Amino acid sequence: MHELTWGLPVILYLFLGGMGAGAGAVSGSIFLRSGGGDLAGSSFRFARWGAMLAPVLVIIGTGMIVFELGSFQAGNYFRFINLFLTINLSPMSIGSWVLALFILVSLAYAYTFINRNAHPGDELQKLRKMLAWAMVPLGVGVALYTGILLGAMPARPFWNSPILAMLFLVSALSTGVAGILLVRALFGRKQVISKESFEHHSYILGSSDMLLIGLEILVIFLFVMYAHLTIGNVEAAVSVIMGGELTTLFWLGFVVLGLLLPAAIEMKYVMPTLLYQKEYSIPRTMEIVICALVLVGGFMLRYIVVIAGQVTGPTGI
């Protein structure tokens, strides 16, 4: 039996923090690429859903990691503030500041959308656009931080890979898109003004998610190849997902259910539009299934990485 120091709260922090950061970055990108929201309001709605998801998910995830520090059990309720009292170049210090800044900016960004009468060109448009410019790099920064935090631990060979941060970034963007599309599938269809514009933006996000899943598969391949080409502890550590105790969970739970299956379903609906310019249309049920699979895959990735890093280390101490 392996003694695990980091459990579900840390895994949920990495998952929710990454998903929220991805949703925020995608929201800002949608808003800016549409010039602040099209006249039909479809891109504005997609940006709004991402803006609402981002701070909620990141705050919940951050709350879990703060409670997991253990200082609450000793009565030190504000011990986490020490992270902001000492500024240095460590990944945790820099990441904590980026995370705090993201939460503040994302709350302000969500505020510009929260009014039911908010629309492109309203009195908050300039502030909304300025915050959107900040959301993209901050979202990318938080998503990268979740991977850098683990990758900066040389004593844990499974985590100590320069590719881990990129893997978490791509996964964060993919789950962020899936979160936005899930909200769209559950609540968005009742608010459609222009069906053509609405479906066009759904196609853009759906095809983007398909490409992100493809990129994630490529990064996974690079992660495994890097480990196999590295002599010593890293190569031994990655064997836990290549024939070891987490093999089934990795290949079936993450690769098949979380990557290949949703990508295959998305291709069925995206490719006719991409190749033959047919009208994009996807049943609501299938959209929910795709999003759920992507989110399960994102969670499984964090679960496997966190557990694998603990059952294969430490070394070199």
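Just so you know, glycine gets a Cβ as well, placed from its N, Cα and C.
Note: TrEMBL annotation is automatic and uncurated.
Annotated transmembrane segment per TrEMBL: 6-32 (among others), in sequence order.
Annotation comment: TrEMBL describes 53-74 (among others) as transmembrane segment.
Same-chain residues lying 6+ beyond the ends of the transmembrane segment (94-111) with a Cβ under 8 Å from its Cβ atoms: 17, 20-21, 24, 27-28, 51-52, 54-55, 58-59, 62, 83-84, 87, 127-128, 131-132, 134-135, 138-139, 141-142, 145, 148-149. Residues or ranges marked as transmembrane segment in TrEMBL: 94-111 (among others).
Within the same chain, residues 13-14, 17-18, 20-29, 31-32, 47, 51, 54, 58, 91-92, 94-95, 98-99, 101-102, 105-106, 108-109, 112, 159-162, 164-169, 172-173, 176, 305-306, 309 sit at least 6 positions outside the transmembrane segment (131-151) and bring their C-beta atoms closer than 8 Å to a C-beta of that stretch. Here TrEMBL flags 131-151 (among others) as transmembrane segment.
Annotation comment: TrEMBL describes 163-187 (among others) as transmembrane segment. Only residues 6 or more beyond the boundaries of the transmembrane segment (163-187), in the same chain, are considered here, and those with a CB under 8 A from a CB of the stretch are 14-15, 18-27, 45-46, 49-50, 52-53, 57, 139-140, 142-144, 146-148, 150-151, 202, 205-206, 208-209, 212-213, 215-216, 219-220, 222-223, 226, 284, 287-288, 290-292, 294-295, 297-298, 301-302, 305.
The transmembrane segment annotation in TrEMBL covers 208-229 (among others). Within the chain carrying the transmembrane segment (208-229), a Cβ under 8 angstroms from the stretch's Cβ atoms is held by residues 161-164, 166-167, 170-171, 173-174, 177-178, 181, 235, 237-238, 241-242, 255, 259-260, 262-263, 266-267, 270, 290, 294, all 6 or more beyond its ends.
Look at TrEMBL and you will find 249-267 (among others) tagged as transmembrane segment.
Among the features that TrEMBL reports, transmembrane segment is placed at 288-311 (among others).
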